Amino acid sequence: MYSVNIEPDGSNHSPSRKRLKQILWGLMLVLSVTIYGSHAPLIYLCKVNGEIPFSSSAVVLLIELSKFVISLVFFLIQDWKSLKASVSWHLAAPYAVPAVLYGANNNLVVYIQHFMDPSSFQVLSNLKIVSTAVLYSLFLRQRLSVRRWLSVFLLLAAGVFYSYGGIQDLEKVSSDTNLYVTLPGLLLMLAYCLISGLSAVYTEMTLKTQKIPLNMQNLYLYSFGIIINLTAHLTSSKNSDFFDGFSVWVWVIILSQALNGLIMSLVMKLSNNITRLFIISFSMLANGFLSFILFQLQLTALFFLAVVLIGLAVYMYYGMK
């Protein structure tokens, strides 16, 4: 059985060393929340005349390359002696699965929005919280108590409320928003949420079952990610320059998302996908506060309701006995 603690295991260390590791772990989670929450504001800062000026496929490819390079540096520093035992196609092959699933979902996101409006997409995409928890429970054989299942559904409710109207631009409020969801759109959304949960849970399962260094596992994972995203870029990009539209803010996005990808690998190796779900939920709140501070967007009652629900979910999952 895998641990469901939010902190990594520190039982073999002295109390002071264990405490230090818990503090560092907590700071890492806060950093991850901040990076997740700042992604949308950073995208906004990149826009020129209201449009995104760069190729999204180029940015995603550079994020994968950055994660690979950082993992390679850490591997050469920390795990070089284990190279011979860690390199084989048998160990590498499982990492092709999440790379393909992530690639499929990236394309599915675009296709789904032909069958529903963006607001409905944002609200319904929160179903991946439940799909991830269900698949985590099934594939990793983690039986969640009724109390913990309730906390998962509280995260779902918080995500729905936040997506529906947690923040609001008072200058662009309109009552004429055309909300619609078609049956094909709903079915595609269910597929998207299942694939999202499956890719995350499969990655966690692979990271935990293989007895090789995490840095080597990351190299395998990001190698396939580079192949998939390079293929996507070459097939979708126009004849524009690869770095066309890049600014300082774009590079901040690339480096921060690369760092967050490495943090997520560590979270899934030492903790689990439930911790990851809490990080993503808290990042919504970080996004709301940053949007309020940077862009003077209005925090609505639904935002504060989401804050309460997430706080209650944390207490129910980790605090109640």
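Each Cβ is built from the backbone N, Cα and C atoms, and glycine gets one as well.
Database features, via Swiss-Prot:
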TOPO_DOM  1-22  topological domain 'Cytoplasmic'
TOPO_DOM  44-56  topological domain 'Lumenal'
TOPO_DOM  78-91  topological domain 'Cytoplasmic'
TOPO_DOM  113-119  topological domain 'Lumenal'
TOPO_DOM  141-149  topological domain 'Cytoplasmic'
TOPO_DOM  171-180  topological domain 'Lumenal'
TOPO_DOM  202-211  topological domain 'Cytoplasmic'
TOPO_DOM  233-247  topological domain 'Lumenal'
TOPO_DOM  269-321  topological domain 'Cytoplasmic'
TRANSMEM  23-43  transmembrane segment
TRANSMEM  57-77  transmembrane segment
TRANSMEM  92-112  transmembrane segment
TRANSMEM  120-140  transmembrane segment
TRANSMEM  150-170  transmembrane segment
TRANSMEM  181-201  transmembrane segment
TRANSMEM  212-232  transmembrane segment
TRANSMEM  248-268  transmembrane segment
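With a cut-off of 8 Å between Cβ atoms, the residues of this chain six or more beyond the topological domain 'Cytoplasmic' (202-211) that come close are 2, 91, 94-95, 97-98, 101, 136, 139-140, 217, 221, 265, 268-269, 272-273. Between the transmembrane segment (248-268) and the transmembrane segment (57-77), three or more CB pairs separated by 6 or more residues in sequence fall under 8 Å, so the two stretches touch. Ranked by the number of CB pairs under 8 Å to the transmembrane segment (150-170), the listed stretches 23-43, 57-77, 92-112, 120-140, 212-232 are led by 120-140.
Contact between the transmembrane segment (181-201) and the transmembrane segment (57-77) is not supported: fewer than 3 Cβ pairs lie under 8 Å, counting only residues 6 or more apart in sequence. When Cβ-Cβ distances below 8 Å are used as the criterion, the topological domain 'Lumenal' (233-247) is approached by residues 46, 48, 52-55, 57-58, 60-61 of the same chain, each at least six residues removed from its ends. If you look at the topological domain 'Cytoplasmic' (78-91), the same-chain residues 6 or more away from its ends with a CB under 8 A from one of its CBs are 210, 212-213, 215-216, 220. When each of the listed stretches 23-43, 92-112, 212-232 is scored by C-beta pairs under 8 angstroms to the transmembrane segment (57-77), 212-232 comes out highest. Taking DSSP states H, G and I as helix and E and B as strand, the topological domain 'Cytoplasmic' (269-321) has 44 helix, 2 strand, 7 coil. Look at the topological domain 'Cytoplasmic' (78-91): DSSP puts its residues at 11 helix, 0 strand, 3 coil.
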